[in-house]
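Reviewing the structure listed below.
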Amino acid sequence: MSRFENAPDMDSSSYYSNEFTKSLDNLTSVSLNGMSKAQANTKMSRFNIAPDIDSCSSNSNEYTSYQDCPTKVPLNGMQYTDVDAESQNFLPDHQLGKKKYEAEYSPGSASFGMSVFNLGNAIMGSGILGLAYAMANTGIAMFVMLLVAVAIFSLYSVHLLLKTANEGGSLVYEQLGYKAFGIPGKLAASCSITMQNFGAMASYLYIVKYELPIVIKAFLDTNDNSWYTNGDYLVLIVTLVIILPLSLLKNLGYLGYTSGFSLLCMVFFLIVVIYKKFQIPCPLPENFINITVNVSQPQVNTTDEECCKPKYFVFNSQTVYAVPILTFAFVCHPAILPMYEELKDRSRRKMQNVANVSFLGMFVMYLLAALFGYLTFNEAVEPELLHTYSKVYSVDVVLLIVRFAVLTAVTLTVPVVLFPIRTSVNQLLGASKDFSWPRHICITVALLVCVNILVIFVPTIRDIFGFIGASAAAMLIFILPSAFYIKLVKKESMKSVQKIGATLFLIMGFLVMTGSMALIIADWIHNAGSSDEHADGH
């Protein structure tokens, strides 16, 4: 006869409650394996945490029994067989699951305002420099529609990601991929993040290649095309003298604060773009190279007024780069989950509001930079807006300050972006938990060599924006969040509105990625053929 059959009838509910508590106590004492009583009480309190009222949809808020808990409260390390080796040296008795849960669900300390600023840092990058070029090749009306669409889709992607993180019980992007699809899912997430960071690093070095020669010529007051004003040589020198030593550091330290400095530089850049719109005449003067700031009103020799009329719809061979440039500019999704973890009194609704405010701020900045940059140069705008000003001013103090600030910011940001790439490569290579200087140096040098080769031989920064935006950014915004949501949020049927929306979003992501990549490759082939014809003609 079982113990429950001997229980008195009149207080059976309290008896069952006591028995259940004893069972939990026994289970906790076995799993904790010798931990102190205070630690045991801390662990035990985990069972009494009230669920987040907005952590999932209305279909997912129903009461769930304790047999659902093992996926959220692992009692051994078998659920996380892919946890990196570095984690094992501070996990008692190899209880990887418990430590992982504590790391992911620790209370945050970041305020709402600080989280908005940090997410703005993650969104803002070199992509803002290419938006005026995108507007010039789509027209104002079409660009605004695309900008609104990409911003809304990016916010919807954040919604899917936050919901999946709560349902999947992980605040690590790669870990969600592992829980959803195993090793292939983790590799897809890791490779997409690595590609995105690699593209960002390449775009930063492209800015060095474009802007540093102009700064040196301004300081030396020369137009001499010597080796020290050659962008390719300067990229190599900056990499060897500044970036490589900083990248070899084991810890980033205060270098991580350069992201805030980068955001301030881009705000300053936006102010200058708006200011210069009312200084530079249209049409641009033919002899623009010799104009300096000492000439208040440059003499205009061009009579063609047609180029000064803004266009609202444009379709040409460069229009295919518009969507990839916009996706590259808005991608920030790998940073969403760490910021969600750090958010004070976090909930899914609160983090979604953080994303809404940050995306709105970046949307306004992107629209202003694109609009005033396009209205300043119209069809003459280059893929990198800041470099376009060298067409008008050979020397300008304000632009020189902007260039110097942006160069400083991007140079110091390259090691910050390289750090997670090196960590991912380390994990993909199956590196041991022991730090190795030879491996550390080899991976760092190999990454910098690859990105320098890319910057030197790829013709323009437009190709970086286009390729990375069409591949890695499309994966991080469209494909992976929707695929993780469909796989991990099991409490909603495939016929529900949420799952149907995620499925359509996934299909659209594949269409955007394959369509953009196909058109970009076709444009590359066409340009290569045109170059060969010109070479044969000469």
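Just so it is clear, glycine is given a Cβ too, placed from its N, Cα and C backbone atoms.
Noted in TrEMBL for the protein shown:
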type	residues	note
DOMAIN	109-521	domain 'Amino acid transporter transmembrane'
TRANSMEM	116-134	transmembrane segment
TRANSMEM	140-162	transmembrane segment
TRANSMEM	227-247	transmembrane segment
TRANSMEM	254-275	transmembrane segment
TRANSMEM	357-377	transmembrane segment
TRANSMEM	397-419	transmembrane segment
TRANSMEM	440-458	transmembrane segment
TRANSMEM	464-488	transmembrane segment
TRANSMEM	500-522	transmembrane segment
Does the chain bring the transmembrane segment (464-488) near the transmembrane segment (227-247), so that three or more CB pairs sit under 8 Å (pairs 6 or more apart in sequence)?
no
Hey, which bits of the same chain come close to the transmembrane segment (254-275), Cβ under 8 Å, at least six residues off its ends?
117, 120-122, 124-125, 128, 246, 365, 368-369, 372-373, 376, 385-386, 398-399, 402, 405-406, 408-410, 412-413, 415-416
Which stretch from 227-247, 357-377, 397-419, 500-522 shares the most C-beta pairs under 8 Å with the transmembrane segment (116-134)?
357-377
If you count every Cβ pair below 8 Å, which range out of 357-377, 397-419, 500-522 shares the most with the transmembrane segment (227-247)?
397-419
